[in-house]
Each structure stands twice: as C-alpha cells, then as structure tokens.
Amino acid sequence: MEGSGTEQKGSPKCSFLTNSLLCHENRQRLWRICNFIMFGFFSLAAYVQINDPDAEMWIVIYMIPAVLILFVSIKPDITGHVIWKLLADLHSAVCAVGAIYLSGCLYFYTSKNILHEEEGRELSGLLIISGWLLLCRKSHQSAIGAIRLIIAISVSTAPFFIWIYIYIDKEMRTSWPQHCKTVI
C-alpha cells in the first residue's frame with residue numbers, strides 16, 4: 001500500500017521477476033539458503049570422516065561450524081551474539097593454524113596436485129571453514145550486500161563441485177588411502 005508508511009524508502013519492491021536479487025527480503029532468503037547448504041556440506045564432511053584414522057578430530061572440526069552455520073541459517077542475527085562470535089573466532093583461529101601447518105607440509109613434501117594428497121583435501125576443508133565463518137562474522141551488522149551474496153553462492157556451491165571432481169577423477173581415486181575408498 002502506498003502512503004501507509006510500511007515501505008522502506010530506497011529499497012525496491014520484492015517481486016519474483018523484477019529486482020529479485022536487489023530486494024532485501026530475497027537477499028536475506030538467499031543468504032539463509034546458502035548457510036543451510038553449508039550446514040549440509042559441513043555435516044556431510046563430518047560424516048565422511050568416520051573411516052579416517054583421526055576421525056574424532058576431523059568430525060569435531062567439521063561439526064562445530066555445522067552447528068554454528070545451522071544457527072545462522074535459522075536466525076541470521078545470531079552472528080552478533082558474543083558466544084557465537086567467540087566460538088566462530090576461536091574455531092577460525094584453530095583452522096588457520098592447522099591450514100598453515102598443512103600448507104608447510106604440502107610445500108615441502110608434495111610435488112603433485114594438492115587435491116591428490118589427503119593433506120591437501122584437509123587443507124581445503126580448513127580454508128573453507130575459516131572463509132565461511134569469516135564471511136558470516138559481521139553479517140548481523142548490515143543488510144546482506146550483493147558482493148557478500150555472490151561470494152556466498154559461489155563458496156556454498158564450490159565444495160560440491162570439488163567433491164564431484166574428486167569422486168569422478170579415476171586417477172585421483174587410485175591414489176586415495178584405503179579409508180577414503182569406503183566412504184560414500
């Protein structure tokens with residue numbers, strides 16, 4: 001209704017065909033969907049660690065962001081809560097330290113594609129965790145902008161494409177350790 005005072009000045013009306021990504025409600029909806037997709041990714045990543053020799057560590061590493069991101073997909077403003085920020089920052093720091101360690105190992109001991117090495121796949125997972133938690137970090141402070149949304153859509157779909165590539169590449173599967181060959 002025009003003139004009712006309920007419209008926000010400067011924000012386009014929501015409609016499916018026009019301005020769909022520019023509308024605040026649609027950007028917020030896409031942001032929540034991306035977070036739910038990442039919840040699924042982190043949960044699935046935790047599940048496939050079952051056969052890993054150090055499964056306990058990797059299940060925890062993936063389940064912490066899965067739970068944090070599930071909360072974001074349900075209530076995006078949770079990122080402003082001090083406990084959410086503390087857990088996300090602490091976990092990001094731990095993942096960053098692990099990523100630095102694995103990067104060093106890969107740099108000095110690997111000559112192949114890093115995705116062919118278990119440490120390379122672990123490094124990728126740690127970087128995705130840190131990157132996604134960083135992307136969520138200040139999302140409560142302002143409306144989800146187009147750049148953050150484009151990054152979110154790209155990052156939330158990329159792990160699944162990487163998994164498909166890794167799963168389809170027969171050469172890569174031959175170099176997998178035995179515990180990786182019996183998962184999904």
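Each position is counted from 1, following the chain as shown.
Cβ atoms are placed via backbone N, Cα and C, with glycine included.
Features of the protein shown, as given by Swiss-Prot:
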TRANSMEM  30-50  transmembrane segment
TRANSMEM  54-74  transmembrane segment
TRANSMEM  82-102  transmembrane segment
TRANSMEM  121-137  transmembrane segment
TRANSMEM  149-169  transmembrane segment
Problem - Maximum Cβ pairs under 8 Å to the transmembrane segment (121-137) - stretch from the list 30-50, 54-74, 82-102, 149-169 - result: 82-102
Practice task
Take a look at 30-50, 54-74, 82-102 and tell me which one has the most Cβ pairs under 8 Å to the transmembrane segment (149-169).
Solution key: 30-50
